[in-house]
Every structure is written in structure tokens, then in C-alpha cells.
Amino acid sequence: MSYGRPPPDVEGMTSLKVDNLTYRTSPDTLRRVFEKYGRVGDVYIPRDRYTKESRGFAFVRFHDKRDAEDAMDAMDGAVLDGRELRVQMARYGRPPDSHHSRRGPPPRRYGGGGYGRRSRSPRRRRRSRSRSRSRSRSRSRSRYSRSKSRSRTRSRSRSTSKSRSARRSKSKSSSVSRSRSRSRSRSRSRSPPPVSKRESKSRSRSKSPPKSPEEEGAVSS
């Protein structure tokens, strides 16, 4: 197959995609192998634009669909140049050659003049900047809210600790006053009641010894 001529007309042909090719496999080798199963219309091996080396797969076109199916059944899993081939029906048509792409600029995918990528790049930058700003604002807000919540929790914990200490001091003072009142009541209950003057005189009279008859006579005389 010569690369100088334009590609043949492949309309109405059935294409097979052959994967896992080596770099040294040529279109002539593929044609000789696949012509055993029917009339081959075209063999195309895509190559790198700069190195001109094979990209590792090829397209084989048959004029008859039945011949293509027979070749697929026979060559799928076969070994060629030390590689196990994978053959399947091609889903897309033949890709454009490199010399066709050099003639004109690539088709425009976006509307407007010039290239769409350049016109969209500042918009993307603006969007990315706005997104980064919104993210930084949201992060600063979240940090501010976190600091607020932390300060609130700290103030609450301090107030609760103060109230607890006040309660503890009040309970201690009340317990001390109660213990003092109890000790006073106990001391009062233990001390004997005061004795009146009359009771003391009567007691002293009753305690004095009885007089003898001689003393009584002397008193009477």
C-alpha cells in the first residue's frame, strides 16, 4: 500500500479493527493474511504524526460482509509477529489522513470568531477567581463562627464554674453555722440549771445536824 496516493473509496465496505500490532507489521503483511478469507478492499495503519511509527492497530476493509465475519472469527486470537491479535467490527469510519488535515484549519466547535478555547479562557479564569474568593470568604466565615462559638462555650463554662463555687461556699457557710448552733445547744443541755436562793437556804437548813437536849435546855433557860 502506497502512502502517496489518496485513500480509496471505502463506502459499502465492512471494516475490521485489528488491535495489538507490532511496530514492524506492515499493511502488505496484513493484506496477505486477511486475503485468505475474501477480497480485501483496503488496509490502513494509523501512524504518529511526528515519529511516523505505527500506533499499534489497523483497519482492514472487505467488499463482502460475510468475508469480514469469517476473517474476524478466524483471526481473533491468532498470533502475528509474536503478538496475539484482537479483531472486531469497527464502529467508526476511516479517520482522516494527516495531509488532509494540513490543507485547512480544524473545524470550529464553538461559535464566534477566532478560536473558542482562547475566548473562553478569561471566563474560566474569572470563574475560578470568583470561586476561590467565595471559598476563602466561606472559610473565613466558618473560622469566625467557630471562634465565636468557642468564646461562648468558654464564657458559659466560666459562669457555670463561678456559680458552682458560689454554691459550694454557701453550702460550706451554712454547714459551719449549723455545726456551731448544734455545739451551742449541746453545751447548754449539759450545764446544770441555776439554783434559786430560797432552794439553797432550805437545803442548808436541812443539812444542819439536830441539836442535843442539853443545848435545847440552855436555850430555854
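Every residue gets a Cβ built from N, Cα and C, even glycine.
Positions annotated as phosphoserine by Swiss-Prot: S2, S26, S189, S191, S204, S206, S208, S212, S220. Swiss-Prot lists S2 with the feature N-acetylserine. Taken from Swiss-Prot, the feature domain 'RRM' covers 14-92, and the record attributes it to sequence analysis. As annotated by Swiss-Prot, phosphothreonine applies to T22, T25. Under the heading N6-acetyllysine, Swiss-Prot lists K52, citing experimental evidence as support. For 92-221, the entry in Swiss-Prot reads region 'Disordered'. Marked as compositional bias 'Basic residues' by Swiss-Prot: 117-171, 179-189.
Shown on the structure are the features that Swiss-Prot records.
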residue	record	contacts (Cβ under 8 Å, 6+ apart)
T22	phosphothreonine	S54, G56, L80, D81, G82, R83
T25	phosphothreonine	I45, S54, A58, L80, D81, R83
S26	phosphoserine	I45
K52	N6-acetyllysine	none
